[in-house]
Amino acid sequence: MAIAHFLFGIFGNATALFLFLSPTITFKRIIQNKSTEEFSGIPYVMTLLNCLLAAWYGLPFVSTDNLLVATINGTGSAIEFIYVIIFLIFAPKREKAKIFGLLMFVLAVFALVALVSLLALHENNRKVFCGFGTTIFSIIMYASPLSIMRTVIKTKSVEFMPFFLSLFVFLCGTSWFVYGLLGGDPFVYVPNGFGCGLGTAQLILYFIYRNKKGGTKKPSSTSVEDSLEMGLPKPNQEKKSNTNGSLAQSEHDV
C-alpha cells in the first residue's frame, strides 16, 4: 500500500508539472511581443495561491505523509510566480496595477493562513484549517477549463481544447485522487476527484467533436497556442488572434 501510495504521488508530480509548464508557450509570445496583449493575469495569480496553500498543507507539521504534495506545489509556486512577474513586466499600467494588487492580496491571504495555522492551531485542527483552504482553491483551479468546454459544445469544435492538455488534466486528477484515497486524506482526494471527473468530461467531449468542423474557422497556430494554457485569454483574444497572421506564422515552430 505504501509503495502504491508513493508511486501515484510520483506520477502525480509528473503530470502536474506538465500542467504548470503548459503556459510557457503563451509567455514566450508575451516576451517576444513585449506585450501581454489581451491575456489575463488573474488565472496565474490564483493558481499561485492554490500552489502556496497546497505546498503548505503538504508539509509534515501540517499533514503527515504528504511530502510529495508539498514538492510539486512548491515547484508550481515558483513557476507561477515567474509567470506573474513576467506578466507584470509587460502588462500595461492599468492591468499591471490590478495584477500587482491581486498578488499582494494573495500573498497576504497565504501569510494569514500560515500564521494562524502555526500560532493558533495545533495538530488536527491545523490540518483541517489548511485542508479546507487547499480544497477550495484546488477545485477553483480545476474548474478553470469549464469555459473551454462550453465553447466546445457551442461551436461543436475541439479547436480550443487540445487533446493532450485534456488528457493530462485527467491523468493528474486521477493520480492525486488515488494518492489521496490510499493515504486516507479527503483534502487530497475530494478536489482531485473533481479534477478526475472534469478531465473525463473533457475527453468525452473531445471524442464526440474531434471530427466535426463546427462553425469555427481552421485553427491558426496562434489560437492553438492560446488554448495550451491553464489560464484563458480574455474573450476578444480569439478575434485578435485571427488578425495577427504574421505573428501566428512566426510562432508556428513552437
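Just so you know, glycine gets a Cβ as well, placed from its N, Cα and C.
Residues annotated as transmembrane segment in TrEMBL: 6-27 (among others).
Long-range Cβ contacts of the transmembrane segment (39-59) within its own chain (Cβ-Cβ under 8 Å, at least 6 residues beyond either end) map to 23, 26, 30, 66-71, 73-74, 76-77, 80-81, 83-84, 87-88, 91, 95, 99, 102-103, 106, 109-110, 113-114, 117, 127, 130-131, 133-134, 137-138, 140-141, 144, 187, 229-234, 237. Here TrEMBL flags 39-59 (among others) as transmembrane segment.
The transmembrane segment annotation in TrEMBL covers 71-90 (among others). Long-range neighbours of the transmembrane segment (71-90) within the same chain, counting only residues 6 or more positions beyond its ends whose Cβ lies under 8 Å from a Cβ of the stretch, are 12-13, 16-17, 20-21, 23, 27, 30-31, 33-36, 39, 41, 44-45, 47-48, 50-52, 54-55, 58, 96, 99-100, 103.
Under the heading transmembrane segment, TrEMBL lists 102-122 (among others).
The annotation transmembrane segment is assigned in TrEMBL to 128-148 (among others).
Residues or ranges marked as transmembrane segment in TrEMBL: 160-182 (among others).
Same-chain residues lying 6+ beyond the ends of the transmembrane segment (188-209) with a Cβ under 8 Å from its Cβ atoms: 66, 69, 134-135, 138-139, 142-143, 145-146, 148-149, 152-153, 156-158, 161, 163, 166-167, 169-181. The transmembrane segment feature in TrEMBL is assigned to 188-209 (among others).
Annotation comment: TrEMBL describes 214-254 as region 'Disordered'.
Under the heading compositional bias 'Polar residues', TrEMBL lists 242-254.
With respect to Cβ pairs under 8 Å, the transmembrane segment (160-182) is most closely packed against 6-27, considering the stretches 6-27, 102-122, 128-148.
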